[in-house]
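Asks: Pulled from TrEMBL, these are the listed features:
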COMPBIAS  1-10  compositional bias 'Pro residues'
REGION    1-27  region 'Disordered'
COMPBIAS  16-26  compositional bias 'Polar residues'
TRANSMEM  120-137  transmembrane segment
DOMAIN    125-234  domain 'Prepilin type IV endopeptidase peptidase'
TRANSMEM  144-166  transmembrane segment
TRANSMEM  172-191  transmembrane segment
TRANSMEM  212-238  transmembrane segment
TRANSMEM  244-265  transmembrane segment
Amino acid sequence: MTRQPAPAPPERTGASDASPSGNITRSWPRASAVLPITPLLRYAVARHAVPPGTARRTGCDACGASVGPHRPWPALGPTARCGGCGARVGAPPASVELAALAALAALLLSRPPAVELVTAAWWLAFALPLLFIDVAVHRLPDRLTLPAAAGTWLLLGLAAVTGAGAAPWLRAIGAGLGLALFFAATTVLLGTRGFGIGDAKLALSAGALLGWYGWSVPVLGLLLALTLSGVVALALLVSRRARLSSHLPFGPYLVLGTLGALLLVW
Ligand SMILES: [Zn+2]
């Protein structure tokens, strides 16, 4: 009596791709595609993280060796060291790379619709350098905040004409303008104790990005940003690394609060 051989189990080619873990493993090769972009993000940080009234940085502070997209390594790589003298250039080692990877992984895992994904990626390309610049020199340069706003408004406009309709776009513009006016008003009323004008210009894009999803989302983003900045300010006060009179940058919290609110609605 011969027994039929048991049928071979179906080959698992591609079947595992449908599982969440498959999504993650498929996402990582794409996430690593961000690494060639990080020298440009580092370049934006190195160039603009200078005190007000100072010319934009074009080379190493210590030896003057030229730093730019034409000569990215090693100064604009993860080690952030000048190729000439070994001095630190720009943002701390590995920081920009880790932030970019985290942002891209968040985008790929939450999978918003294509145009919204492109819009968020555009915004992050400016928002991530702004985060590091604001931490370093308490500035949010127009050269980065204004293109971030223009591109965000235009790309959301593209999403509107390709199917979403005018209503979410008008709400996005209204939310961007509203949040910017709120920040600008605190500057006028409270002076240096209010938000900065740079924060208001960053809010033009952050508010629009969030307002696309409803009026409550910019409020959520602002609450997240205020909570996060409050917790950090309290920790700095308790550890005596800041005083009540210290000026703390708000841009990084606006970026993180915006990203946090986006991840909650996607
Ligand atoms: Zn150098």
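Glycine is treated like the rest: Cβ placed from N, Cα and C.
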Asks: Report the DSSP secondary-structure composition of the domain 'Prepilin type IV endopeptidase peptidase' (125-234) as helix, strand and coil residue counts.
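Replies: Result for the domain 'Prepilin type IV endopeptidase peptidase' (125-234), in helix, strand, coil order: 98 helix, 0 strand, 12 coil.
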Asks: By a Cβ-Cβ criterion of under 8 Å, what residues six or more beyond either terminus of the transmembrane segment (120-137) are in contact with it?
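Replies: Distal contacts: 37, 41, 44-45, 48-52, 90-91, 95-96, 99-100, 103-104, 107, 112, 144-145, 147-148, 151-152, 155, 198, 202, 205-206, 209, 249-252, 255-256, 258-259, 262.
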Asks: Tell me, roughly as an integer, the mean pLDDT over the domain 'Prepilin type IV endopeptidase peptidase' (125-234).
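Replies: Averaged over the domain 'Prepilin type IV endopeptidase peptidase' (125-234), the predicted model reaches a pLDDT of 96.
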